[in-house]
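Working notes for the structure below.
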Amino acid sequence: MLSLRGKPLVYLVTIVSSTGFCLFGYDNGLMGQVISEPSFLNVVGNPDAAVQGFAVSSYDVGCMLGALAALFISEQIGRRRTILLACVVHLVGDVLNASSYSLAQFLVSRIILGMGLGLFTSASPVWLAETATAQMRAVMVAVQLTFLIIGTNIAYWVDYGLGFLDNEISWRVPFALQAAYPILAFAFTLFLPESPRWLASHGQTEAAAVALSAFRDLPEDHEMIRAELQDIASAIALEADGGSWGALFRQGPSKVRTRIIIACAANAMQSYTGINFVEYYFPFILTNSVGLSTNLANLVAGCSQVWFLLSSFLTWYYINKLGRRRLFYLGNIGMGCCMVAVCITLWKDTHASAILTIVFFFIYLSFFTWGWMSNMWTYPAEIVPLHVRGKAMALSVIFQFANQFWTVEIAPVSIDSIGWRTYIIWAVLNFACCVVVYLFFPETSALTLESVDFLFSSSRNIRQVVARSEHLWANHYHLDVGAAAAAGSDGKEKAMEAGAAQVSHIEGPAQE
């Protein structure tokens, strides 16, 4: 075990978790360029557009399978060991991928790679959410997602640099470089502690106190450690149906079913923004929709990722200041407007409009990182209850990759078939997401995970949860979960008066 404690330890967990997201971004950036390289297409038999789409999206099939496996093992073996297993699975896929000599081998390698990533992305956001403080949580996840963009940048520029080679090195080397990420993640994860919340939920109270003491850099008998452990115990007591499979689909006083639907919707809806369509196929879009040469398209795509990375740093500053709901609104409205603009500029089909199309795609990427990217991995982990968090996160990741699969699968076909009209679909979907967020997504910014649990258990329906969460966030309040839970069912209602009226059992401020 490392000697790091407090914030440095949380930072290291963030960096280790970020390697998986860096790998995710690396694959997003890599395949968009490799899929058009002649030497690669010759090896896999020069497939048509439909098969090319499946060759890329087969990764998402693997991600779904990996997330499905996480449903069965994440709660049993813990967040940390799930990540270690994910690294091993991914390394097997790396070997097969870099040595591919047929379409069949390539597809199998893509599915295995996806399985590793599905396991990783099901466990790492939960691990980070359960170890960071409420104030650090969102910023650390924003850092995590900046690493995703760094991975995409690395892939674009490695592939661009090797793209001038007219042989198999141009794509085998980028595939082989993927192995660096799981190797680093595995090496560091061996020395990091398990989630205190997972330990407590499995009866390992002493180990939970030791781990929490390390993450907060306080003695095990410190008042704040005891208070946080009591909040965790209270949350476990509120959700005391044991994390069974039936608990995933049972509503109960904690409104588990509602919360899982919200988590799954959040992960699925990020695909409806069109980001996977753009990220995987941006060079393809630039050549087929805008009319750029292959080399210029790859260069512009690489520059777009530098812009994407620079835009992401702004998120670190305001993610806790604006709250989750407002960031969702910002992202969807901005991306929807950009897609409308892209429809118009592609329809005009002039040299000037082609330049404007590229500009609007750059702006679109900024709105995605400011809105959905900063939220999409932290929000589901914050919403779902502790006793089913591992299973629920895995289920939400399955929904994400299932929706990502069809968006990636249809991309080449839709561009070939309906051209600029493709972007109307993405504009409509972005605006529709705003309505869903307004009606059903509670605010979780700066609330402890135990406070989120209490919000749901003390409210009658989701609209009441949304209203109360907005009130808490707007007034910089946080709940004393232990005191409110001890008051019983009547105390819960007093603790959270309907609408935005009175809130008792509250300490503030929770935000800086």
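Even glycines carry a Cβ here, placed using N, Cα and C.
What TrEMBL lists as transmembrane segment is 9-29 (among others).
Across the domain 'Major facilitator superfamily (MFS) profile' (13-445), the prediction's mean pLDDT works out to 86. The annotation domain 'Major facilitator superfamily (MFS) profile' is assigned in TrEMBL to 13-445.
According to TrEMBL, the transmembrane segment annotation covers 49-71 (among others). Remote same-chain partners of the transmembrane segment (49-71), defined as residues 6 or more beyond its termini with a Cβ less than 8 Å from a stretch Cβ, comprise 27, 31, 35, 82, 86, 89, 93, 103, 106-107, 110-123, 280, 390-391, 393-395, 397-398, 401-402, 404-406, 408-413, 416.
The transmembrane segment annotation in TrEMBL covers 83-101 (among others).
Sequence annotations record features per position, and here TrEMBL assigns transmembrane segment to 107-129 (among others).
According to TrEMBL, the feature transmembrane segment maps to 138-157 (among others).
The transmembrane segment annotation in TrEMBL covers 169-192 (among others).
Look at TrEMBL and you will find 260-284 (among others) tagged as transmembrane segment. Sequence-distant contacts of the transmembrane segment (260-284) (same chain, six or more residues past either end, CB-CB distance under 8 Å): 28-29, 31-33, 35-36, 56, 152, 248-249, 294, 297-298, 301, 304, 331-332, 335, 339, 361, 364-365, 368, 372-373, 375-376, 379-381, 383-384, 388, 392-393, 395-397, 399-400, 402-404, 407-408, 411-412, 415, 423, 426, 429-430, 432-433, 436, 440-442, 462.
As annotated by TrEMBL, transmembrane segment applies to 296-319 (among others).
Residues or ranges marked as transmembrane segment in TrEMBL: 326-347 (among others).
If you look up TrEMBL, you'll see 353-372 (among others) marked as transmembrane segment.
The transmembrane segment feature in TrEMBL is assigned to 392-411 (among others).
Among residues of the same chain six or more beyond the transmembrane segment (423-441), those with a C-beta under 8 A of the stretch's C-beta atoms are 262, 265-266, 269, 272-274, 277, 324-325, 328-329, 332-333, 335-337, 339-340, 342-343, 346, 379, 414, 462-463, 466. What TrEMBL records for 423-441 (among others) is transmembrane segment.
Only pairs six or more apart in sequence are counted, and the transmembrane segment (138-157) with the transmembrane segment (83-101) gives fewer than three Cβ pairs under 8 Å, not enough to call it a contact.
Recorded stretches compared: 9-29, 107-129, 296-319, 326-347; the one with the most Cβ pairs under 8 Å to the transmembrane segment (169-192) is 9-29.
Two recorded stretches are said to be in contact when at least 3 C-beta pairs lie under 8 angstroms, sequence spacing 6 or more; the transmembrane segment (353-372) and the transmembrane segment (296-319) meet this definition.
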